[in-house]
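S.K.: Pasting the relevant annotations from TrEMBL:
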| type | residues | note |
| --- | --- | --- |
| DOMAIN | 25-168 | domain 'Lactate/malate dehydrogenase N-terminal' |
| BINDING | GLY30, ALA31, ALA32, GLY33, GLY34, ILE35, GLY36, ASP56, ASN117, ILE140, SER141, ASN142, MET249 | NAD(+) binding site |
| BINDING | ARG104, ARG110, ASN142, ARG176 | substrate binding site |
| DOMAIN | 170-335 | domain 'Lactate/malate dehydrogenase C-terminal' |
| ACT_SITE | HIS200 | active site, proton acceptor |
Amino acid sequence: MFAASRIASVASKRAFSTSAANLSKVAVLGAAGGIGQPLSLLMKQNPHVTELSLYDIVNTPGVAADISHINTNSTVKGYTAENDGLKSALEGAHVVIIPAGVPRKPGMTRDDLFNTNASIVRDLAEASAKYCPDAHFLIISNPVNSTVPIFAETLKKAGVFNPKKLYGVTTLDVVRASRFVAEVKGKDPKDCKVTVVGGHSGVTIVPLLSQTGESFTKEQLDALTHRIQFGGDEVVQAKNGTGSATLSMAFAGARFASSVLDATVGGKKGVVEPSFVQSDLFKDQGVEYFSSNIELGPNGVEKINGLGEISDYEKELISKAVPELKKNITKGNSFVQ
């Protein structure tokens, strides 16, 4: 309930226009799952959304019926694989959010999910290329470091890849970082802005704590960095085999999707969010995709921000992240190629 009210509060403060010109269809693929349901709930509250299109292999009509009763100005439709449901879910979509796939269990890394989720993401990419090639695609399905390349390579095969419209959602890393730093410093998280770069698993997650304006001891740096990198493990272990980070991921996913809608539909300027996108920042080291702050515009990625001044501690973290990222990306590319 807190996450929903928080998003609603943010949305109301933005004073969005609700003319027909700046409303759109948003599709959620994997909408009946642990992330998909709360994510769909939060997107129902976004005034840019005219139609919320919910797809999953089972149970989506019930989820759609439930969410459709919420008194915001958008329709909700639920689809399953029967009767060309995926086609209907995707046609005309402006934004497609993909949390589909299996969650992590204790002892699993995000990379352990590859064998199952890779084929799911590839199949959804093939359908997206066919039915809504011009949409903005937001990939939540793990391992993001590999599923984004899978989605990209599949779109390339269909001749419809647009790097400005494909995003790996890494927002949860900055959400966590802000919360964890606030706890250490005794502050409100809204006053703790933390840039996180790299990728979206383990050592590829690099928080740039030197840019927060806060001072940390070496022990605090080590502890915070590890917690930000492996924060998902806390949730997996606490849920004891019943799932992974779903509610916080839905919150983060809705935040990023809302930012994409603000920039592409609402005409808002200066919208900056982190995202795992095709990037030149470390291309010379064989890393084709990298997460950093990006500026969003009417057509998607407008500008990719550099890392800025970073500490020696962070340079060491980057040196560990790059080879792991390269391996993850290559694995995704090879799956399709």
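Every residue, even glycine, has its Cβ placed from backbone N, Cα and C.
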S.K.: Can you grab the distance from GLY30 (NAD(+) binding site) over to ASN142 (substrate binding site)? Cα atoms, rounded to a whole Å.
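M.R.: Counting only the Cα atoms, the answer is 13 Å.
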S.K.: Far apart in sequence but close in space: which same-chain residues, 6 or more away, have a Cβ under 8 Å from MET249 (NAD(+) binding site)?
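M.R.: Sequence-distant Cβ neighbours: ILE35, LEU39, PRO99, ILE140, LEU172.
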S.K.: At a 10 A cut-off on CB-CB distances, which of the binding-site residues ASN117, SER141 has the highest count?
M.R.: SER141
S.K.: May I ask for the distance between ASN117 (NAD(+) binding site) and the residue listed as 'active site, proton acceptor', taken between their Cα atoms and rounded to an integer number of Å?
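M.R.: Roughly 15 Å, rounded to the nearest whole number.
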S.K.: Express the predicted model's confidence over the domain 'Lactate/malate dehydrogenase N-terminal' (25-168) as a mean pLDDT, rounded to an integer.
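M.R.: Averaging the confidence scores along the domain 'Lactate/malate dehydrogenase N-terminal' (25-168) gives 95.
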S.K.: Expressed to the nearest Å, what is the distance separating GLY36 (NAD(+) binding site) and ASN142 (substrate binding site) at their Cα atoms?
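M.R.: Their Cα atoms are separated by 14 Å.
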S.K.: Of the residues named as NAD(+) binders, GLY30, ALA31, ALA32, GLY33, GLY34, ILE35, GLY36, ASP56, ASN117, ILE140, SER141, ASN142, MET249, how far apart in Å are the Cα atoms of the most distant pair?
M.R.: 18
S.K.: Given the binding-site residues ALA32, GLY34, ASN142, which one's Cα is the least distant from that of the residue listed as 'active site, proton acceptor'?
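M.R.: Considering only the listed binding-site residues, the nearest one is ASN142.
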S.K.: Which one is it: of the recorded positions ARG104, ARG176, HIS200, which Cβ has the fewest other Cβ atoms within 10 Å in this structure?
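M.R.: The recorded positions ARG104, ARG176, HIS200 were compared, and ARG104 has the fewest Cβ atoms within 10 Å.
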S.K.: Compile a sequence-ordered list of residues in the same chain as GLY34 (NAD(+) binding site), six or more apart from it, whose Cβ lies below 8 A from its Cβ; state 'none' when nothing qualifies.
M.R.: PRO103, GLY243, SER244, THR246
S.K.: In the domain 'Lactate/malate dehydrogenase N-terminal' (25-168), how many residues does DSSP call helix, how many strand, and how many coil?
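M.R.: For the domain 'Lactate/malate dehydrogenase N-terminal' (25-168), the helix, strand and coil counts are 65 helix, 28 strand, 51 coil.
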S.K.: Around ASN142 (substrate binding site), how many other CB atoms lie within 10 A of its CB?
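M.R.: Here the count is 28.
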S.K.: Only counting partners 6 or more residues apart, tell me which same-chain residues put their Cβ under 8 Å from the Cβ of ALA32 (NAD(+) binding site).
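M.R.: In sequence order, LEU54, ASP56, ILE57, VAL58, ASN59, THR60, GLY62, VAL63 meet the Cβ cut-off.
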